[in-house]
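Here the structure comes first, spelled out in structure tokens, and everything after it is commentary.
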Amino acid sequence: MTVKDAAKPSNKRKQSTDNDASEAPAIAVTNLEMWSDEENGEDVASDDGEVDEFPEIDTRSDSEAEVLEASEEEEYSEEEEVDDEDQDEDEDESSDADSLHVFPKAKTIISNITGQPKRVYPEIEPEYDSDSSTEDAPNRVGNVPMHWYDDLPHIGYDIDGKKVYRPAKADELDKFLSTVEDPSSWISAFDKNAQTDKPLTTEELDIIRRLYAGENPDASYDPYAPTIEWFTGKGKEEVMPLSAAPEPKRRWVPSKWEKQKVMKIVRAIRQGRIIGSKPKSTSKFSFYSIWSEPSSANPPPLPAPKPRLPTNSESYNPPEEYLPTEKERKEWEAQDSEDRERDYLPQKYSALRLVPAYDNFIKERFNRQLDLYLAPRVQRVKLNIDPSTLIPKLPSPSSLRPFPNYKSLKFTHTKGRARCVSVSPDGGWVISGDESGKVSLWEVNVGREVKSWNFDSKIGALDWCPRLDVSYFVVTVEEKIHFVIPPNLPGPVLSLTQALLAPATLPPAPATPSPVKWVTPATSTWSTDTPILTAHLPGSSGLPTQVAWHRRGDYVATVSTGRSQGGVWIHQVTRRHSQAPFKKIKGAVQLVLFHPLKPHFFVATQQYVRVYNLSEQKLLKTLIPGIKWISSMDVHPSGDHLIVGGYDRKLCWFDLELSDKPYKIMRYHTRAIRSLHFHPSYPLFASSSDDGAIQIFHSRVYNDLMTDPLIVPLKILRGHEIRDGLGVLQVKWCSRQPWLVSGGADGTVAVWCS
């Protein structure tokens, strides 16, 4: 078939092509249209609305093609005679085929290798107005590992054996801009074979999402599929590799063959045929001269500093302009040595023999030696600090009101010292006791005495019950604890108080008998002049000097001066039972306190404060205030802070959550501290001393654990006289007002108001 004939379209060729297409399987491409840039999807006159068939490639040899050409020429001449009437239509089709011919025209040449004719197609030169002129040629290097070409400029070879060069890569900025402009960049991936970014399919994106989520990449995988029983059923039983056979004897009996080998080696060692490696001889410690030659690994040492050269002012006969005046000499002598500009004063001598010995010679030579040895030294500089800056900046007391600042009224005990006072829970009544055995009940507002009781011995302590539904107080005398009901009580409160202290049916006796005896007088003898209940302590217990109530008002603790049982008793009023919590305790107990919120119990000896857990019956911690003799103690209403006072004038503030050492130690009193008390509702606490003064402090505690408590001294109250070396013996706050009640050794009880 010649080149001229190759361009002729023939109906026979079309017919044979149709037959071949029906016989041989081919790829069916349907519903595809390709438009040029000028067409834009509109109809073009050259198309005539028809789509030409894609010509089939002739795969036969050259000899078969020549025979076929001759037969086709004869058939073509016959068809021309038969189809004269369709000649016009065929010419139109041939013109369309020439204009839309896909393949270039081939030419036949003689092969240099085989000597046979072969058809050669020219290289395709793409036209710039074609549809695919702007598309990148895909990579056709084949299915080869791309890492072979990592160090080469090309990435393979095409079908003609030419190098396919690696496409240019954009920099990071261009990559970022391309991701911003292309919304589909996040769903594409780089293909090494094609050297381009290819968009990922929906299935690939779903696999990536599953891998990121830690799921199975297979979407059809069912993690909850029913279990397949592989080893159940007849013939499927699993044969276990373990057996119940006894362990063979050879596993623990030594092998005689190994014994022979070992003995053979031992004989060779004894005969000297096998010599072991000699231990390395420990050489003596070798010394190296580190100053003989510079080290190659480390930088050379710094050279020694050179001494400063003398100047004209250091001459024995300096010029007149270097000599200081008398005023300059006095100023130089008044300055400190570290503040002076020069370490010397120029002096003038007429001759060198008249110059005296230098007084700082030894000191300067010694410093020079230290410089040569590079000895580190600290030059201590005198600090010029204003003493006023060392005083802590505290808020003004006027901004921390209210607090008591003057004496409102005074109540006097004529027969002895007013050793103890107590304020009722409602803040309206005060009881005070003196050493003659008299207890007085009077009003806070007017100071009028309502009732008094006389006991047969000195009053040790007294305190109101903290409950609000009942009203009574406790008075301690020698080896006795009296429970007294005040007069003028409302009917419901009086009946409830009597039912509590003297019930019609006594509670059952405890399993463990107590040496403390509880006695209630007959109902016919009840009166406001006598106690309704009395607890008799064991003999030789002494005078109870302190009474501490639990916040619920059912338990009361007393501390006696006697030595039996450590002097500490805890009494339960409702059960009429007393018990000594300590069988043995180190030191003499001075004070006890109940924790306001937790089942903890504070016990103060002469120098330590121990915290016990009553529910678990164990020691929690031991506080070390550093006081020689503890005299007073009180706990903050929040339960997290504790103040301890001593006879050595110290007042220690403890943060129970922080440490067992004091958070702050204050010394405001000039003599021994006698009493301490926190206000139950206001941020105040007071301390009294034998110097006759009462110190009022503002004590604000914050809920934030990172903020320290604010402790500000507010006022010093003076109004009590000092008698026999004793001052103010006890202070108590009113629960609902910022008022303070104090009892002194001069026999007076004062009320301080704001």
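The chain as shown is numbered from 1 upward.
Placement of Cβ uses the backbone N, Cα and C atoms for every residue, glycine included.
A quick note: this is a predicted structure, and the numbers were derived from the prediction, not measured.
Copied over from TrEMBL:
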{"type": "REGION", "residues": "1-141", "note": "region 'Disordered'"}
{"type": "COMPBIAS", "residues": "35-56", "note": "compositional bias 'Acidic residues'"}
{"type": "COMPBIAS", "residues": "64-96", "note": "compositional bias 'Acidic residues'"}
{"type": "COMPBIAS", "residues": "124-134", "note": "compositional bias 'Acidic residues'"}
{"type": "DOMAIN", "residues": "149-404", "note": "domain 'BOP1 N-terminal'"}
{"type": "REGION", "residues": "293-343", "note": "region 'Disordered'"}
{"type": "COMPBIAS", "residues": "297-308", "note": "compositional bias 'Pro residues'"}
{"type": "COMPBIAS", "residues": "324-343", "note": "compositional bias 'Basic and acidic residues'"}
{"type": "REPEAT", "residues": "411-452", "note": "repeat 'WD'"}
{"type": "REPEAT", "residues": "666-707", "note": "repeat 'WD'"}
{"type": "REPEAT", "residues": "728-754", "note": "repeat 'WD'"}
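Distant neighbours of the repeat 'WD' (411-452): 458-468, 471, 473, 475, 477, 484, 486-488, 528, 723, 726, 729-737, 739, 741-751; these residues of the same chain sit at least 6 beyond its ends, with a Cβ under 8 Å from one of its Cβ atoms. Under 8 Å from some Cβ of the repeat 'WD' (728-754) lie the Cβ atoms of residues 401-423, 425-427, 430, 432, 434, 444, 447, 674-682, 684, 686-690, 692-694, 696, 717, 719-722, all in the same chain and six or more residues away from its ends.
Counting residues of the region 'Disordered' (293-343) by DSSP class, helix then strand then coil, yields 15 helix, 0 strand, 36 coil. Across the repeat 'WD' (728-754), DSSP classifies residues as 0 helix, 17 strand, 10 coil.
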